[in-house]
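K.L.:
Just dropping this structure here.
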C-alpha cells in the first residue's frame, strides 16, 4: 500500500476532476475469460463507495465496493490480458481492478489513455483515503453511506422523496414490524416541510433516528444521569469507570468524547452528552467488544518460535479449488497483508528452464516462481516486521533447483541471512523478535552424514502433493487423442456440481466435513470418459455423467466408534497402518520415495528443516519441522496427545489439509491448536467457519501472525483432553447478557431476498477452545423483528483455558423447518472487554448485537458451586477419581458422537418438525434448551478421544443450564463470600433411594413418570451420595439445627450451590449462616429430621432427569435448572403408609413447596459471591424486560417514571407477557440491618438482581423456572418455633427440618429480616405464580402443579400449546399434570382448583378485576400480624395485584388491582408475609423432588376422607399443651375448597378466635362460570377411578367414624362442620387451603413447647417491616360464615 501514499496528497482540484469524470461515467470494454469484450458504461456512485456498470442482467451484482478493491494495476498485467494476442489493445488504455476475497479481476480497456489515467488515479485516491481513515471515521462513513443508500433504494420512483407506502415497504425490508399507525405517526412528525405526505432525505434521516431510538441505551443513559436526558462529564466518567471498567478516566477524555460524538451544538457548549451522542459513542469502536489495545502487538515476542501459533496458508497461490482454479501471485500479497506468516510455494519444472508454481497433477494454471518471490519480497513486511516462513515444496530437477536457490538469494538478499540471529541458549529456536525482517526457507535439507563437498544428495520425498495416489494424478498425455480441453471441461463440469452442493451444505453444519475421497471418483469418471471414443454421442455422455454423480456427493461424517481412528477418509485410512506397531504409526504402507536435492537449496534451510512425519520422536536436533496431513495429525493427536504436546514444546509442526479436499474446504484447526501445533495451514481463499476462527485467533496481538501459546503448553505436561486440565489454576466465568440486536438483515441466501418474511432472530453463543470448554447456548427467539429485537437473556460459561478460547456469536433466523444463518462474529476470549459492548457482525455494515460482559475469576475446587452454574454434582463427588461411576472405559473412549442417547442424559435430540412449529416465542432453540455440547465440527474432530460420559463426569461440557447469575453482569465478585462453602452432602440416602423408584407405574406396569432414571450413572451417583450423607440423618432434630439443603442443578448441569447453617443456634439469617459456617461437617441433611426410611423422596429430581414430552421420546424438556435437595417439612406432611410405600419405593409423603423453597433459599448465597455492589444500570436493563419488542416505547415507559428507588425500596418493573398493563413501584421493604448485602440468584434468564430476604423466620422459596422473561421468585419468610418433641415421637415430629430455629419475640432478631434493597425484574414478580406459599404448611407442590394460575406466565398463551421447553415452573408443572404425571396433584384438588385458577389467570390476563375489591393495604397487612403458622401463597398476591402493582406510585390502593372475582369455592384470603424475598430460582423444569403417582395410579389407600366426623387424627408432634385446650375451636370458611387435610388438621389445632376486621379478597362467583380452558380434563377413566377411590375411601371412613381420634395417627380427616362466624377468614391460601393457626397467645415464649409447622410466624407487629402497616395492626382470625360442610382429601403419595 506504500504506493497509495502519493495519492493522499493530490491537489483538491485534481481529485474533484477525477471524481466528476468517474461519476458521470465512461464507456469501457470489459474483458472476460473466453469471450469477446463487452462494452459497458462504468461509473462511480454518488457516495463514492461503489463502482457500477450498466447494462447488466444482474443489476444488484453489477457493482464493486471500493472497500473491497485490493489493488489497481496499469497495463496488460492480468492473466486475461496475457491470453489476448499482442497488439490487440494499447497497454496504456488497459487497467485491471483486483477485488474481493478471491482476488477476482475486472479487466477494462478505455478508448484513450487519458481516461485510463483518470480512473486509475481516482480509484487509488479513494483506496488511499479508506486505508488511512481510523476505525471511527470509517464507521461513521459507512453509516452515512448506508442511510443514503437505503433512502435511494426505497425511492422506487426516483423522485428523491419517499411517500408513506414506500416507507412501509422499507420497514419490511429492514425487518421492522411496527403498527402502521405508529409508522404514520413518526412519518408525520418527521414531515415538517410544506411538501406534506413525502419525506426528503433530510426528513428521512430524522424519521430514521426516531425509528431507531435505542430504548436500551436510553435507559442506560437515564440510570447514570439521574433521570435527565443527558450525561454530564462527571456522570460519563462514572459510567466509564463503573460499567465499562475503564481505568484512568480523565475529565479531558470525557470532554473529548462529548466533542467527538455529541450531535447537538447546544449540548457541546454545555459539555453534556445527549442520547444521540451517547448512542454514537456506544456504537463506536470505543465500545466494540474487541479490546482496542489488541489491535497492536501486546504479547511477549522474545520466546522461541515453537511457543507461538503462526498463521499459515496452504497452497497460497490458488484462488479457488485444488483442481481447476487459477494460480495468482496476488494471492501471496493478499495473505501476507492479512497477517499470514507462512506461505506455501509448490515448485515444478517449467518450460525454458524456468521453475513454475502450481498444484501438481491437476489442471490449475501456472505462474512463474520468480514472480512469486518478487511479490513476497514486496509485501512480506508491509504490515508487520515479524519473520515470514516460505514453505517450499520442491518437485524440480537439480538444474531448476539451482535456479530456485539463485532467485531466492538474488531477490531476498539479506532477508535470508540468519548468521546474526541470536538463538539464545543452545538448542533453542530463535524468537520472532530476533528474526524481524527475515525470511525463513522451510524445505528439505541434505543429511549431515553427507560431506560438505557433496553437491547433491537423496532426501525423502514425502509431501502433500504426493498424498494424491498415483492412479488419481492427472497425467497430461492422452493415448486416445482426447484433447486437454475435453478433459478439462469434463472435470470442470463434475467439480462445479460438486462445489455447488458443497456450498449449499456448508452453512455452519457441525457435521459437515466437506468433500473428500473425490479425486478417485473424478479419476474413475475421467477414465471412463476417456475410454469412450472422442465422438461419443451426447446422450451417452449425459447418462454416464448422471451415474457418476453418486461419487461426487459430499458425505456427512459417519464416524463409527472412537475405537477406530477418527478419520472419515476411508481412502486415506487404507494407506495408514493401524498404529499397533510402535514407531511405525505413521509410516505409510507404500514405499518411501526419495528425490535429489542440490546443496545450494539445502543450505538456505536453517531453522525449518522439513522432515517426513515418521513419528513424533524428538531426535534432539532443533529446527526440524514435522509435516502432517490433517488425517495423520488427527491420529497423533488422538493416540499420543501428551507426547505430541511435548514434541511441540521444542519443534515446529505443520498440519495441512487432506488432498481429498479438492474444493479447498478447510479442516477444523482447533484440535491441532489444542495439541500445541504451530503451523496449521488453511486455504485462505475459502471463506467459512474455519477461516473465521483462524482470523479471530490471529486478530489478537495486532494481527501480526504470531500468537503466544499458553504457558502450560510451552513447558511441562499438559493433557488438553482432561476434564479438568488445569486443576490448580483459576477458571474464568463469562457472564454474557445478550440485550438486543440492531438492524439484523434477512439471511444472505434468503429465497425471496428483501421481500422475504421479517426474520425471527435468536443469538447463539459458542465457546470454542479446549474440549472441556467447548459448548454453546442460545437465547430465545424474538418473532418478527430484525430491526431492534430485545432478548435480555444471560448466558454463563466457565472457561478453563481462556488464553486459547474463542467466543463466537451467531445470529440465526428461526424457521419452523430449521434456521437460516444471518451473521457471525468471532473474538478471542482474551480480547473481550467487560461492560456494555456492541458486537458488529462480520461483513455487515450496520448489523450488531448489544451485550453486557462480565468476566469473573473462579478460584478453588469448590468455587464452581458458587459462580459456575454449569458444574454438575458429579464433579464434586469425585467422578474424576471413580470413573466406574459412569462406566468410564478410560480417558479416550472412541465414541465420536457428541453424546449418545443410551448413556448420556445430555444428548440433544433433533426436534421433530411438529415440535419446532409449536415453539415460537417461548420457543425455538429457546432458552429452555440446554447448551449443546460441542455441537460443531471442532469438537467432534478433537474429542473423539473423550467419552461423553467422561466429560460429564469430569465436569466437562457441563454447561447445560442457564446462568446462575443473579446480578447485573457488571458486578464484581466478592471473594469473601467464597470462604464458607460447605460440602454438598445434604441429600440423604432416602432422597436417593426414592429417586431410583420414582417412576410411577400404572397397573400394566407402564411407565407413566416422565423422568425415569435410566442412566446407571445416576444410580451409582445416588448410592454414593446417600452413603456420604446418610450419617447426617440421625441428628437429634430437637436441637433446632437449621437445615438448608443443597439444591444443585440437574445433570444437565448446574450447581446451585448449598449452604449449611450451623446447627443448634438461633440464626437470624438463614443464608448468612452460609458464610459463617465454613465447617462442612455441620451441614445437615435436609432430611435430618426424617427417620431413615427409604420412602421419603424429596430429591427425586436431584439430577434433573429430564421429563420427556408427551408421547415423543425424542423430545426432552431440557430443564435448565432443577429444584432439588428439597427439604421435606414433615410438619406439613403426613406420612401415611410408610410400610406400604416403602415396598414400592415410593415417596410416602406429600411434598410441600415450602420445603423446596426452604431448601433453595440458601442456595443463592453461594452464588452471591459473584454478585456484590450492583451497578444501577444493570438493574435497569435487568429490570426492564422489553417484552413487547414491537412497541418502541413499551419498555422505556415501563421503567422511566418509576425511578425513585430509595435504599429501602426495591424497584419492581413489570412488563407483562400478556400485555397487561406494565406497572411498577416500590416494594415497601426496608433493608434490615445486614452485615453484607448478598445477592444471589440463579436466574438464568434475564433477572439478575434480587436479594434473598431471609428473616429469622423460615426462608422458604420455591423454584420457578425463568422463562424467556426471567422471573424472580418472591418468598415469604416466616418464623417457626422449633418443636421440642422427642425425635422418636413420630416421623412428623421431625418435621421442623426446614425451619430455622425461631427467634421468638424475646429474641433480639425477632423483628429483623434480611432484606437488602433489590431491584427485581418485572417479570420476577410473576414467578410468584409458581412460587406460591413460601413456607406454607398447606400449599403442597400439588397445589402449584395443579393450579393453572401458576401458568399465568407460561409461554405466551394457553398451556395447551406450550412446548416443554418454555421455562416456567408454572408451565412445566402444569405440563406434568397435563401429561398425566401430575407430580403431586390430587385429582380432586385439581378439579376444585381448576375453575379458580383459570378464572384467576384470565382475570389477570385481561385485567378485568382491577377494582373488584380493595381492602386497604394496612388492613391486609394487619391480617398478617398474628399469623403464626402460616405462609402466604403469593399466588394470591399475584392475583391480588399485590405483586403486580407492588405499591406502584399510581396506585396506593394497590393491593387489588388485579383481583379476579372468585367463586364461592375459592375465597382466598391472603395474608401478606412479613417480608418478601426476591430470589431468582432455577426452575422446576424437572419433576418435583417428591415423586407422586400419576393421577391414574391412585388407589383408595392413597386418599382418606370422612364426610361427617370432626378432625379424626392429628399428628402428635403438632399437639402441645397450648393447643390441646383450643382443640375445640374450629374455623369456618365460605367455600367448599379442596383443602389439604393436613393443613386443616394444623389449622384446627392452632386456630383461635379471629378478630373481625379482615376483608375478603375474593368475592363469590359461581364455580360453573369459571373458565376452564387451561386445565386438562381428566379422562373418563381417571374420573371414574377418582370416583371409585373416593367412594371406597368414604366407606372406609364410615366404618371408622365411631373410633376415637388418635393424635398420632396419620390418617386424614376430611370433613367437619363449621361454626358460623361473622366474617370470612383471611387465612385462606390462594389455592384454597387453610393456613393453620392464628395464634393469639404467642406474645411471650408460649410457643416454645409447641410443634408448629415450618411456616409458622410469631406474632409480630408489622410496622417495623412494612411501611404499609400500622404499628398496632394485628391479623384477624375470625372464622368465615358458611355452614356448608367442607370436604378435604388427604393424598398419600
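Indices start at 1 and increase along the chain as displayed.
Every residue, even glycine, has its Cβ placed from backbone N, Cα and C.
What Swiss-Prot lists as domain 'PH' is 20-128, and the listing cites sequence analysis. Per Swiss-Prot, the feature Ca(2+) 1 binding site maps to 155, 157, 159, 166; the stated evidence is sequence analysis. The region 'Disordered' annotation in Swiss-Prot covers 526-585, 992-1014, 1052-1089, 1300-1329, 1578-1613. Residues annotated as compositional bias 'Polar residues' in Swiss-Prot: 1065-1086.
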K.L.:
Using DSSP reduced to three states, classify residue 166 (Ca(2+) 1 binding site) as helix, strand or coil.
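P.N.:
DSSP call for residue 166 (Ca(2+) 1 binding site): helix.
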K.L.:
Minimum Cβ neighbour count within 10 Å among the binding-site residues 155, 159: which residue?
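P.N.:
159, out of the binding-site residues 155, 159, has the fewest neighbouring Cβ atoms within 10 Å.
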K.L.:
Counting only residues 6+ away in sequence within the same chain, which have a CB under 8 Å from the CB of residue 166 (Ca(2+) 1 binding site)?
P.N.:
154, 155, 156
K.L.:
Relative to the mean position of the Cβ atoms of 155, 157, 159, 166, the recorded Ca(2+) 1 site, which additional same-chain residues have Cβ within 8 Å?
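P.N.:
Same chain, not in 155, 157, 159, 166, Cβ within 8 Å: 154, 156, 158, 160, 161, 162, 163.
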K.L.:
Taking the Cβ of residue 157 (Ca(2+) 1 binding site) as the centre, how many other Cβ atoms fall within a 10 Å radius?
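P.N.:
There are 9 such Cβ atoms around residue 157 (Ca(2+) 1 binding site).
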K.L.:
So, by DSSP, how many helix, strand and coil residues make up the domain 'PH' (20-128)?
P.N.:
35 helix, 43 strand, 31 coil
K.L.:
On the 0 to 100 pLDDT scale, where does the domain 'PH' (20-128) sit on average?
P.N.:
85
K.L.:
For residue 155 (Ca(2+) 1 binding site), which of the three DSSP-derived states applies: helix, strand, or coil?
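P.N.:
The three-state answer is coil.
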